[in-house]
Amino acid sequence: MEKVRLTAWVRGHVQGVGFRWWTRARALELGLTGAATNLDDGRVEVVAEGDRTACERLLELLRSGQTPGRVDSVVERWTNHRGSFTGFEER
């Protein structure tokens, strides 16, 4: 399996609604490590590392319409796996 890093910036009503907690739970179910962080501009930045297929599934879930709050858009960037996380944090 190819290991990758997914960075996704999620825009919408995603702060103060349990979005980071929900993202962490989905990421851990998929065996991913990383973090979900509130940004000052109202977005949430999701960084996930692990198997490409698991990261792709997390991205699908972020765009599914089944998240807490309301997701208006998700911008993604794929880079090399760095191995810099243990577990998945809410920041």
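Just so it is clear, glycine is given a Cβ too, placed from its N, Cα and C backbone atoms.
The domain 'Acylphosphatase-like' annotation in Swiss-Prot covers 5-91, and the record cites sequence analysis as its basis.
Counting every protein chain shown, the number of other Cβ atoms lying within 10 Å of the Cβ of R20 (active site) is 24. Taken from Swiss-Prot, the feature active site covers R20 (among others).
Non-local neighbourhood of N38 (active site): Q15, R20, V44, R91, each in the same chain, at least six residues away, with C-beta under 8 Å from its C-beta. Under the three-state DSSP scheme, N38 (active site) falls in the strand class. Taken from Swiss-Prot, the feature active site applies to N38 (among others).
R20 (active site) falls within a helix when secondary structure is assigned with DSSP. Broken down with DSSP, the domain 'Acylphosphatase-like' (5-91) shows 22 helix, 37 strand, 28 coil. For the domain 'Acylphosphatase-like' (5-91), the predicted model reports an average pLDDT of 98.
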